[in-house]
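K.L.:
Questions regarding the structure given below will be posed in turn.
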Amino acid sequence: MANPTVIKLQDGNVMPQLGLGVWQASNEEVITAIQKALEVGYRSFDTAAAYKNEEGVGKALKNASVNREELFITTKLWNDDHNRPREALLDSLKKLQLDYIDLYLMHWPVPAIDHYVEAWKGMIELQKEGLIKSIGVCNFQIHHLQRLIDETGVTPVINQIELHPLMQQRQLHAWNATHKIQTESWSPLAQGGKGVFDQKVIRDLADKYGKTPAQIVIRWHLDSGLVVIPKSVTPSRIAENFDVWDFRLDKDELGEIAKLDQGKRLGPDPDQFGG
């Protein structure tokens, strides 16, 4: 089996290409999930202030027999805190029982409030202080990103967006790449695979490689150059989602999956959400 792959970000920092997302998990569920994930080989964990489970993540990491330097921890600045990123980050650090965050993401742009540039400036300062290694955003459209770059001169290293076979966001993915912004996929399995896992191309590839539909879709993300964070609290699924290093999809197979794109957004519209 090949080793899990890593991605080098434009700021020089390195992150695992595959991590565990913990959205919708309770503090108790998160502790068990992370323990299992660490056993399997995960080293990247993605939480957020809005998930209300940073304390559980912190407890799990405190109990882990893995060095802090081997871990890659992501959390996020919530919409209500755009005008107080320092206080929000310090609160997250306290709950996570950490001295620094590997990746701090602004969760949504919330253009209706229009504080995202100021929030970004605050995040830049926190990075300079060493409280954050890398800074990025979630759910930013091209015009939001361009404004950040124009007004601060600092480009996010990550744009974490809804991305799955039904919503491939190719234009945004390409724009990110042109600007050396790594695209990261949330809801990578289209919320449990509905409308994806039963597609003939996915089933055929699962049969060909002796894998599950979920593993095929995760491999599609990896082979498309995306960072991917499937979420689960089920031990067997956590292990299954990480067992993707012994095969690759070829260019034609990636092209077949590309045909599934419907522009079907399952989550909120970033231009409308919040406020």
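Heads up, the Cβ atoms here are built off N, Cα and C, so glycines get one too.
Annotated active site, proton donor per Swiss-Prot: Tyr51, in sequence order. Look at Swiss-Prot and you will find His107 tagged as substrate binding site, backed by similarity to another entry. What Swiss-Prot lists as NADP(+) binding site is 187-241, and the listing cites similarity to another entry.
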K.L.:
Given the binding-site residues Ser187, Gln215, Ser236, which one's Cβ is surrounded by the fewest other Cβ atoms within 10 Å?
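P.N.:
Taking Ser187, Gln215, Ser236 as the binding-site residues, the minimal 10 Å Cβ count falls on Ser236.
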K.L.:
When you tally the Cβ atoms that lie within 10 Å of each candidate's Cβ, which of the binding-site residues (His107, Lys194, Lys208) has the highest tally?
P.N.:
His107
K.L.:
Taking only same-chain residues 6+ apart in sequence, whose CB is under 8 Å from that of Val201 (NADP(+) binding site), what do you get?
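P.N.:
The answer is Glu253, Glu256, Ile257, Lys259, Leu260.
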K.L.:
Out of Lys194, Gln215, Leu222, Ile229, the binding-site residues in the record, which is closest to Tyr51 (active site, proton donor) when you go by Cα distance?
P.N.:
Ile229
K.L.:
Determine the minimum-neighbour residue: among Leu222, Ile229, listed as binding-site residues, which Cβ has the fewest other Cβ atoms within 10 angstroms?
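P.N.:
Among the binding-site residues Leu222, Ile229, the lowest count of other Cβ atoms within 10 Å belongs to Leu222.
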K.L.:
Measuring Cα to Cα, tell me the gap between Gln215 (NADP(+) binding site) and the residue listed as 'substrate binding site' in whole angstrom.
P.N.:
27
K.L.:
Where Ser187 (NADP(+) binding site) and His107 (substrate binding site) are concerned, what is their Cα separation in Å, rounded?
P.N.:
14
K.L.:
Looking only at C-alpha atoms, tell me how far His107 (substrate binding site) is from Ile229 (NADP(+) binding site), rounded to the nearest Å.
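P.N.:
That separation, Cα to Cα, works out to 15 Å.
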